[in-house]
Amino acid sequence: MTGVAGGSLGRQFRFLWTAYAVSTFGTRFAFDAFPLIAVLVLDAGPLEVSLLAAAGLAAGAVFAVPLGPVVEFRRQRSVLMTADLIRFAALSSVVGAFAFGVLTFAQLVVVSVVVATADIAFRAASGAYLKTLLPPEDLLVANGRFEATTWTATALGPPLGGASIGLFGPITTVVVDAVSYLLSAAGIRAIGRAARPQRPASGPRAGEVLAGWRHIFRHPVLRPLFCHTVLFNGLLLATSPLLAVLMLGELGFPPWQYALALAGPCLGGLAGSRLAPRLVERFGRRRVLLAAGTLRVCWPIGLAFVGPGLGGLALVLTLQLVMITCIGVFNPLFATLRLDHTPADRVARTVSAWTITSNATVAALTALWGLLAAVTSTRAALAIAGVLLLATPLLLPRRATRPSTDRRAAVSTCA
């Protein structure tokens with residue numbers, strides 16, 4: 001490959017990577033800011049906080065459905081900048097309303113929906129844009145760098161944001177998040193203009209909306225990969241609130257130990273993402289994808305057996321570290337495989353369909369597992385999720401993962 005792990009991928013990629021790093025750090029810095037504002041500023045109860053968490057994902061997914069074609073047939077650079085500016089404006093409205101004492105819970109919900117919708121548009125456009133910036137052999141290295149950036153921001157952002165909240169209040173993290181989107185837009189603007197994608201002459205617009213899902217479900221590699229990743233993400237993230245209830249409520253861990261249990265293992269994701277290209281060179285992409293995808297599901301079931309004290313904290317740290325290291329290896333391979341098997345004229349719609357389905361599944365399973373924990377117990381719900389996760393590697397693609405040789409627009413198959 002031309003872009004080795006430490007090599008340069010060009011000026012345009014550096015600007016895109018820098019913009020991504022800034023906005024990702026801002027997002028992680030403001031992690032859980034809205035629930036904290038709802039509780040500390042608006043005196044919201046558990047039901048309202050749960051509604052706030054689910055509304056952004058669910059409603060954002062619904063509103064993002066028609067965005068695929070819009071993103072696909074416009075300059076992706078312009079879409080990225082617009083998504084950043086929309087998120088900046090939405091978050092700034094929260095800061096302004098707080099400053100004037102007129103902030104309401106309804107505004108938090110609306111802003112959550114707007115930000116979630118813009119997130120999906122940004123993710124779809126960034127995948128399509130990356131494929132136009134780099135040759136196929138450099139995509140794994142590029143995705144590995146994005147993944148390493150994500151885990152670094154996840155390790156550093158929440159602890160720093162938590163300290164900022166303790167010193168200055170939760171609205172400070174929203175200010176930082178808003179400014180990060182403005183800086184990201186400036187970085188993307190510096191990349192330079194690109195040609196506008198051509199809208200295909202055939203195919204109704206209604207059909208274009210569903211083209212991403214059609215491409216996924218008709219593809220022998222993407223279909224099982226889609227089912228695996230959607231179920232894995234949904235089941236894993238559904239347990240996140242339950243782990244908080246178990247550690248902070250039932251077991252009485254102090255908040256700093258809970259934050260350590262979440263942030264510390266993210267260094268494993270950084271290590272895994274850096275290892276991914278080297279593992280592929282040595283063992284091949286298919287074997288590494290299957291191994292990492294299988295190993296990452298083996299650990300969440302252990303969270304059901306966490307006990308109090310340092311022993312329990314050590315168990316959580318160990319389980320999370322190993323799991324996130326495997327995720328760090330898997331995610332760049334998955335992102336590269338999805339780009340390799342998607343023609344250039346359908347990348348944005350495919351990524352949109354993937355993200356929309358994943359977000360909707362996370363929202364639904366989070367609500368379902370909350371009910372399950374209420375009916376049974378927190379540990380039982382964690383154990384059931386862990387058992388179901390063990391079955392998800394059966395959905396990983398078993399066929400050869402060689403990408404399609406045709407990287408040009410393939411309009412006829414999505415009509």
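For all residues, glycine too, the Cβ spot is worked out from N, Cα and C.
Heads up, TrEMBL stuff is auto-annotated, nobody curated it.
Marked as transmembrane segment by TrEMBL: 20-42, 49-68, 88-116, 225-249, 255-276, 288-307, 313-339, 351-374, 380-397.
For the transmembrane segment (88-116), the residues of the chain that approach it from at least six positions outside its boundaries are 34, 37-38, 41-42, 44, 48, 51-52, 55-57, 59-61, 63-64, 171, 174-175, 177-179, 181-182, 185, 359, judged by C-beta separation under 8 angstroms.
Residues of the same chain lying 6 or more positions beyond the ends of the transmembrane segment (225-249) and with a Cβ under 8 Å from any Cβ of it are 53, 216-217, 255, 257-258, 261, 293, 296-297, 300, 303, 306, 312, 316, 334, 337-338, 354, 357-358, 361-362, 364-366, 368-370, 373, 378-379, 381-382, 385-386, 388-389, 392-393, 395-397. Here the transmembrane segment (380-397) sits apart from the transmembrane segment (313-339); fewer than 3 CB pairs are under 8 Å, leaving out pairs fewer than 6 apart in sequence.
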